[in-house]
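Peer 1: Have a look at this one before I ask anything.
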Amino acid sequence: MRLRSLFSLLFLVLFTSSAYARYVAVHPSSADLISDGISGGSLDSGSTYGFMPCTKTALGNVFLILVYGFLMFTAATYLSAGSELLLEILGPGIVGGLFLPMLGALPDAMLIMVSGLSGDAATAQSQVSVGMGLLAGSTVMLLTVIWGTCTVVGKCDLRDNIALNNQDTKGFHLKDSGVTVDVWTSYAARIMAISVIPFVIVQLPQVLNSTSGRHLAVLIALILSVLMLISYCVYQVFQPWIQRRRLAFAKHKHVISGILRHLKQHALGRLLDDEGQPDEHVIRKLFDTIDANKDGRLSATELKALIIGISFEDIDFDKDDAVGRVLQDFDKTLDEEVDQEEFVRGIKHWLIQAMGASGHSGPDAGPRTMKFLDHFHVQTKREHALLGDNENGENDEESGEVADPKWITIKAALLLLLGAAIAAAFADPLVDTVNNFSAATGIPSFFISFIALPLATNSSEAVSAIIFASRKKIRTASLTFSELCGGVTMNNILCLSVFLAIVYVRGLTWNFSSEVLVILIVCLVMGCFASFRTTYPLWTCFIAYLLYPFSLGLVYILDYWFGWS
């Protein structure tokens, strides 16, 4: 039944889309032959009919904006649902890194494309502000309103500057309540900040007050944005592999810290002497206590028994893999066993590593051995948590075994096809309606597209992000804010690439100085903020919220008070 309904809706979209581009040139002799539904009204040459009646009144265009906006919201919803199903079947990598970011930006890209392809060059130049308004509005909305809301709904109690999963007892305390994300979110924020470089390049001729280099600057910015798009997709494809490597290394460091604390607790003396150097005599005694069969060598079985006997505070890891990594650190003769000399060298190396990481070295390290080992242990545990490991190996609520991969694949393909078809069919009528509403009310089309269109094209993404953040876990918060940064990155490279290609091919004028400035300010402020911290206290949501009215007001002041272009 659900498959039949999908086919029916797809047929309806294809049927209506085949009729939406009916252009009617109105002449005096034909004025009585075709009615636009307005008494005494007339149509401009080249007016576009969607499947809804045409109108020139402000109220009528508001209705059309709501209808076409809802259809674009539906397209974004289908694309999002199909993408998630495809990811469930094929996993991250090529799907998560290549297709999903592009599909998420598809509705925006469609609207930007049709805003610059309609009519002749003069018409396109007047309508292209709709595309720029959408581009700027989507970026600003994701990084301000949605970012701040996700911080509020995802807040947890903060302890030692780390959010406690599912604990929200501090209410709306501005400092002791907030969210924590993993280090990959910081990397995503840095990539987002870097992605504004094409905006800077295309804006250079205006900054230098040069008219001769504007067309060339558009071309250079276009080439760079395409190269950045390819690089970003490649990075996303390989990121799961990089993340697994980093996580495995963090787990090994945590095993090291746990073993050192365990050995210190069972040592017959201090691991460090009065000079702060590893005490070989004490380390050799420890070797004798671990060597269960007293053969002078530690086997993999004896090392595994040591690791199993240590409490690692519920951090999940493969014990056999941990033994293999310990052997790799100690066993220099490659005989799968650790003799006493190898054990002494290995422990000394670990102690020096722990002292360096915790900032404790010198003569005072000896009497404070346990303190710096505890500090090293907490540090490694925090690093492990911030790398975004799936807590204790548990699956999220939405994960699980796929019941019927074939059916899920068909459903995903239909949802993606349907979403793309709706976006392609109704992007052009929506752009025309925005321009008609602008003409009817005198409100610049940029501001309409800046405020209204992102609500249509990003609503499903925004709702999904807020729901995900409300689960109040470090992992889900990390995925939420990473997706927000990724969505803005795609706006800055994919949607901008489409925009620049239209400007270059059609020979349009780039006159969006104030809009570019707003994008730069918001991306750099939020990007720098998220690049150098992994915990966002509740007070940070006010920074995000205030940037939205600031952005809109700045564009208005620069364009209509100072005449920027």
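Every residue, even glycine, has its Cβ placed from backbone N, Cα and C.
TrEMBL: automatically predicted annotations, no manual curation.
Pulled the feature table from TrEMBL, pasting it below:
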- 278-313: domain 'EF-hand' (DOMAIN)
- 1-21: signal peptide (SIGNAL)
- 58-81: transmembrane segment (TRANSMEM)
- 93-114: transmembrane segment (TRANSMEM)
- 134-154: transmembrane segment (TRANSMEM)
- 187-204: transmembrane segment (TRANSMEM)
- 216-238: transmembrane segment (TRANSMEM)
- 408-427: transmembrane segment (TRANSMEM)
- 447-469: transmembrane segment (TRANSMEM)
- 481-504: transmembrane segment (TRANSMEM)
- 510-530: transmembrane segment (TRANSMEM)
- 542-562: transmembrane segment (TRANSMEM)
Peer 1: Is the transmembrane segment (408-427) in contact with the transmembrane segment (187-204), using three or more Cβ pairs under 8 angstroms as the rule and ignoring pairs under 6 apart in sequence?
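Peer 2: No, the stretches stay apart by this measure.
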Peer 1: Against the transmembrane segment (447-469), which of these stretches has the most C-beta pairs under 8 Å: 134-154, 216-238, 408-427, 510-530, 542-562?
Peer 2: 134-154
Peer 1: Mind pulling out the one from 216-238, 510-530, 542-562 with the most Cβ pairs under 8 angstroms to the transmembrane segment (134-154)?
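Peer 2: Going through each listed stretch, the top one turns out to be 542-562.
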Peer 1: For a three-state summary based on DSSP, what are the helix, strand and coil counts in the domain 'EF-hand' (278-313)?
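Peer 2: Split by secondary structure, the domain 'EF-hand' (278-313) comes out as 20 helix, 3 strand, 13 coil.
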